[in-house]
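Residues or ranges marked as active site by TrEMBL: R328. As annotated by TrEMBL, Mn(2+) binding site applies to D572, K741, H771, H773. Annotated substrate binding site per TrEMBL: R644, T908, in sequence order. What TrEMBL records for 36-486 is domain 'Biotin carboxylation'. Marked as domain 'ATP-grasp' by TrEMBL: 156-353. Residues or ranges marked as domain 'Pyruvate carboxyltransferase' by TrEMBL: 563-832. Annotated N6-carboxylysine per TrEMBL: K741, in sequence order. As annotated by TrEMBL, N6-biotinyllysine applies to K1061.
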Amino acid sequence: MLRFRKRSALGLLAIRRVWSMTRSAHTASQTLEYKPIKKVMVANRGEIAIRVFRACTELGIRTVAVYSEQDTGQMHRQKADEAYLIGKGLLPVAAYLHIPDIIKVAKENDVDAIHPGYGFLSERADFAQACVDAGVRFIGPTPDVVRKMGDKVEARSIAISAGVPVVPGTDAPISSLQEAQEFSNSYGFPIIFKAAYGGGGRGMRVVREYEELEENYQRAYSEALAAFGNGALFVEKFIEKPRHIEVQILGDKYGNVIHLYERDCSIQRRHQKVVEIAPAAQLDPHLRDRLTADSVNLARQVGYENAGTVEFLVDKHGKHYFIEVNSRLQVEHTVTEEITDVDLVHAQLRVCEGRSLPELGLKQDKIRINGYAIQCRVTTEDPARGFQPDTGRLEVFRSGEGMGIRLDSASAFQGAVISPHYDSLLVKVIASGKDLPAASAKMSRALAEFRVRGVKTNIPFLQNVLSNNQFLNGTVDTQFIDENPDLFNLKPVQNRAQKLLHYLGHVMVNGPTTPIPVKAKPSPIDPVIPPVPLGEPPVGFRDVLLREGPDGFAKAVRAHQGLLLMDTTFRDAHQSLLATRVRTHDLKRIAPFVAHSFNNLFSVENWGGATFDVAMRFLCECPWKRLQELRALMPNVPFQMLLRGANAVGYTNYPDNAVFKFCEVAKENGMDIFRVFDSLNYLPNMLLGMEAAGAAGGVVEAAISYTGDVSDPTRQKYSLDYYLKLADELVKAGTHILCIKDMAGLLKPDSGRLLVGALRDRFPNVPIHVHTHDTAGAGVAAMLACAEAGADIVDVAVDSMAGMTSQPSMGAIVACTKGTKLNTGISLEKVFDYSEYWEVTRGLYAPFDCTATMKSGNADVYENEIPGGQYTNLHFQAHSMGLGNKFKEVKKAYAEANKLLGDLIKVTPSSKIVGDLAQFMVQNSLTRAEVEERADELSFPLSVVEFLQGHIGIPHGGFPEPFRSKVELERGKTLHIKALALGDLNKAGQREVFFELNGQLRSVLVKDTVAMKEMHFHPKALKDVRGQIGAPMPGKVVEVKVKQGQQVEKGQPLCVLSAMKMETVVNSPLSGTVAKIYVTADSTLEGDDLILEITE
């Protein structure tokens, strides 16, 4: 190599001639004349291949891709003008290392030049030489320079001769563990192994203690061999907490070398760069000058041409040490391009064609730094599990974009399959700004826009890095990640849409999976209908209503002597006891008997509430037809329904005109009395329902939802005065009847006397109707007390459908009032006949009967205040989920959830909100204090969030604070989902289910549980079996280090897994004997696949 220290104008021409002669002598295949490139092959895959293809297309150069058998569906294959298979029958990585195949494809398809990308063969001198020998240009340094720079020991020697400081290390690649031991004896620990013929963190291991030396030597050698085809290593003294600074260089065939300033690559894990910054922040200008000058001098020392990177470590004293030269394009070249406005791939191609740097406008004095750029490598790794690679199918991919954002990717698209065979890089995100904080802000915004579902990514970790003050101040070193454990406090992604699609897909493939916790069979006995007299049924209270209208009806009720009853058997009773599953068929059969035998009932409740929901979802019946048919069979008894105010019969607010129209149509089809309530006693919602029912011509029964205990002076949120004031408003609004709706059965006899007595005194002319549940067993006593205090009507259910979470017994009330001023006028014998029918009918619904899991009521309802119907449902759900023995915890959590939400009135839908929060607390083992403390980070059930947003109204006393302010209230989150198609069964026992989500095509893979029973799969390790060792990540078994029957100690290596070219040692979690081994070398495993079993 000729080196010229003086370049006078007179000597310039001679120098160029000598240089030309020297270069010609160096390799006969190179000339200094310009020779255009017409076709370029990229001997690589993924995003770097696409990056080069794009540059070629911009320059009018045709492109050729090569791909392995495993990469048939990869995007780089589709982006090229031509694509050819290489390495048929070889392992995935070996295919891209097979030089003969690559050269063969190049020669057969008239390729002018090959770009090696990074990794694989990019730093293999034998590959560069093979290209030259085949008459194909290698887009990079000459083979000799690649050899010198690729051999890190020789590169160190060259650096020393160029006056560049180096870290103490071996003079040549070591060939044995003994040499590594000798080096450590001389220089002490820590030391670092490095692959002699490659970079990127592969084959790089830090050793801090003598005991770790052998294992790390073997792992480094194995990784280097797998990644670069050569396991040679050299050893260096490891410098603690340095900055990793690298300088981008660019040379041409004429001896011109320039630098494009530096990049800070200090943020690393496993010696792989995670975030790169250009230029390096807080870097002393004099140090920058020394780094760039040393880099250029070193490049000139070897006659470097094309792009390359000189890497340094900078210690805490500002001293820099040469590490290596990467004689290729770096992954992070993007940030240099952004701050210098130089397209490095364009420059590589033009230099290879024979252009000089000055011809390309690339002179050192014209290279300027413009702002800052950051690159984040978004990888399919799980930071919460030590960055274990994750594999699978990208079910969703949506990237962040916008001003100042550049994306370089290949496999980042919906439906792409991330395999364990290659690097875990998904997409490179590059952000540019006028300074480091501006670039960081853009990057944070872009990462927040990403939506990646199907595999884990490091995005939450990257977001934590970008918000770290040390990072923003530009003072990071290579120990940054290790010394900031808070970076691993990852905010969980909600993933609501995809979870919902998976659930829907599972139902579509495998059917509904609601477990029934009992094996009870429907009774084979058909119920016998009691005798019904011939002719029309006798006159009843409905005749009064039809004759005198709602006002006259209310007066007749108030003037009636004795206690009136409303029968809930046709709705609320079977909702509470049989999950609302009773069919119209069974209701119709007994309806004529009721019309003839109980004509003096105040009403029959048979519609509204959960009737609509269950009739359509589970019974596949029309609720309107039920109403019409029952009306025809019972023309004399008033029908009553439950109307949830502005919610009608649903669980959310409806437009006013919809509620009005619903009431109008309900009245036309036979409904008479509308019990209007709001779960929070929110007056605006109630007034809307009352107005709608009144406008339809119905009887308006405004219901006050009851909670608490008016007789307890210590509980005054819902005091007697509160209920009286609410009643004033309802009577003022024109209600025909005033109702007390005690959903949880909390109204004790004394409380009933106090409340009903006060209402009767204040409203002597308004009928009072009381509804309760008998959960605690005191329902009959409470209703009798209310009747004695002035109530006109109480709710009951026929005896065989009464008690527990249903209403009090009809027979008990009839018997207790017989012969008194409260006499109901109902025949007790007819009640017995009625009850016998329902006792047998109830057996037809045995799988849904609450008595399957619940044997009695419970007075603890006075503490937890769970409404009757919900009490049954919660008990059933607890048994369904295998939590039957924890129902006591569920009830306690319900009480705590109620306190968290501010002590609500608990009626549908507010009771559901409390129940959802209670189950959320039990499932996640959260106490009330923990929920309050972590409210700003927990993902609460949607019903809880919507309640705090005010969706169902404003609770008495306002929303609970500070709980409400801490919960993240997301508005405007509506998912529009349409099921499209169900795919065929694949080899993994899965079916692809297609949806349209918010107008975009989505699909999920769902396991077909029936088909999988006939297919063979590798067994999974059971987490609750101590001796079963599972794969910590998907990957390939490199080595099994134990044998069956062998004794192993806790912490002893069992096997080595390789995924994405990184190796992981699986150690024994216990001491014992290897009972059985389920894998062999080269076995391909999924996460949690069983590796072996150990018996203690």
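Just so it is clear, glycine is given a Cβ too, placed from its N, Cα and C backbone atoms.
TrEMBL does not curate its annotations; it predicts them automatically.
What you see is a predicted model, and the numbers here were worked out from it, not measured in a lab.
This view paints the features noted in TrEMBL onto the structure.
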{"residue": "R328", "record": "active site", "Cβ within 10 Å": "29"}
{"residue": "D572", "record": "Mn(2+) binding site", "Cβ within 10 Å": "30"}
{"residue": "R644", "record": "substrate binding site", "Cβ within 10 Å": "27"}
{"residue": "K741", "record": "Mn(2+) binding site", "Cβ within 10 Å": "24"}
{"residue": "H771", "record": "Mn(2+) binding site", "Cβ within 10 Å": "27"}
{"residue": "H773", "record": "Mn(2+) binding site", "Cβ within 10 Å": "33"}
{"residue": "T908", "record": "substrate binding site", "Cβ within 10 Å": "19"}
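For R644 (substrate binding site) paired with D572 (Mn(2+) binding site), the C-alpha to C-alpha distance reads 14 Å. The two recorded residues, T908 (substrate binding site) and K741 (Mn(2+) binding site), have Cα atoms 12 Å apart. Other than the site residues D572, K741, H771, H773, same-chain residues with C-beta atoms no more than 8 angstroms from the centre of those residues' C-beta atoms, the Mn(2+) site, are T568, D742, M743, T772, D795, Q807, G868. Between R328 (active site) and K741 (Mn(2+) binding site), the C-alpha separation comes to 78 Å.
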